[in-house]
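Residues or ranges marked as Zn(2+) binding site in TrEMBL: Cys220, Cys223, Cys242, Cys245. Among the features that TrEMBL reports, domain 'Mur ligase central' is placed at 66-205.
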Amino acid sequence: MIFDDIKGMDESMRHIRLFFAIAIAKMTRFAGKILKRGSSLPGLLALRIYPGIMHDLQIDCPVIAITGANGKSSTTKLIADILTANGYRVAANLEGSNMRPGILTGILEKSKLSGKVDADFVLMEVDEFSSPKIYSAIKPDYLLVTNVLRDHVERQSDASNVIAKIEQELDERTTLFLNADDPLVNSILYNKPNKRLYYGINDEKYGHGAPSTPLAAKFCLQCGAKLDYSVYYFEHMGKYVCPNCDFHRHEPDYAIEYLDLETGQMVMNNEVYHVNYDAFYMFYNILAAVSVCRELGLSYEQVQSVTDTFVFGNARLQEFYLYERKGVMNFLKNATSLSATIDLMKQDKEEKSILFVMDNTYDRRYLITQWYWDSKVEELVADPNIDKIVCTWYRAYDMAIRLKAAGFPADKIIVERDLEKAVSIFREDTRGNAYVGYDTDSYSIGKVVEALAKYPENTHLRK
């Protein structure tokens, strides 16, 4: 490790280290683009050369941080697309790395060698547990929190730990954009003077009278009383009130008053938007991004022109084909995303097959598959339109056991750990619409896409 200690460093040495750190990062980034590798290596090298680099960057534009268990990447990308389409220069970590090296890589791409950030906005997608290190160096003007869910229990242990991490280095200057439907998000800096703006869904047609999965938020974090819900959307998202204190769901400043999943239409504050998705949970991400951009002063026309044609990409709800069969792939990383993907599959009343690519290689120290059991896999059993489910990659048997325990017929489960063979089986030996759910790191996402892209019907997936 190069020069870890910056204490006592004189001003001229700081400038020299800053210059070389940025120069090396830019050269590494240039090489990475040619080789199509490395979304965080430039930032990692810059931190090794000058550990204090994030404190010494000169940022004279609004900084928007986006954090939460699910939806960070999608929301960040949509905000970036809206701003960029309207002529703004945006520095952002859009390539999946949401810890210090990745965030720094995105910022340095728009930085001069002096450390001045040449952008109109800085967007930071931030891992919740990296929040203290990021916010101690770069204070966000706006913090958008998508949700707090049961995610990576091996790190979190409890949702209150996540909230504490997010709060740790924030101060009252940060304006909070909060998901009103999530009581855990609503609890962040609850008794602090920060300006709070809420977004949420008022249309209850897709809600339920009872939760469909175990809840991460049953009790009020202010007094400990059990929360009363009038409607559940998914997980602990819904309309709630504490019967014992003043904690409650706030009326959203930006609310979806009407939602139609079949047509992709949503009406927010009397503004009509059309999007290319029919997954309920995706509308939270779209609403969050639209809310931020409207609050920043962009007009309805400026925002709507982008949402009408927006595609998330990065293998999130990405389309593919198996011969003439249409398919959709989606990212799984916790019980909520798996349950939401199952909801998406259930909406399809036609014959279909599913490929689960189960890896858990975010960090090989952790092989916890508890979240398979916390999700509503049982609802796949009740779907008469499923032809077969293929399980592959390192945790294939774990997923197959979960399906079998749920009561899914064993003769409809195929286990093939070799990914390319599994994709071939999925293409040749199953019927109906195709769904791929994958729990992988960035490297393995590429392997999934590569395995599909080798077939002629998927040339659009080739890079």
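Keep in mind that glycine also has a Cβ here, set from the backbone N, Cα and C atoms.
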Message = With helix taken as DSSP H, G or I, strand as E or B and everything else coil, how many residues of the domain 'Mur ligase central' (66-205) land in each class?
response = 50 helix, 28 strand, 62 coil
Ask   = So of Cys220, Cys242, Cys245, which of the binding-site residues has the fewest other Cβ atoms within 10 Å around its own Cβ?
value = Cys245
Query = Looking only at Cβ atoms, how many others are within 10 Å of the one on Cys223 (Zn(2+) binding site)?
reply = 12
Note = On average, residues of the domain 'Mur ligase central' (66-205) score a pLDDT of 94
Key: Cβ within 8 Å of the mean position of the Cβ atoms of Cys220, Cys223, Cys242, Cys245: remaining residues of the chain near Zn(2+)   = Leu221, Gln222, Gly224, Ala225, Leu227, Pro243, Asn244, Asp246, Phe247
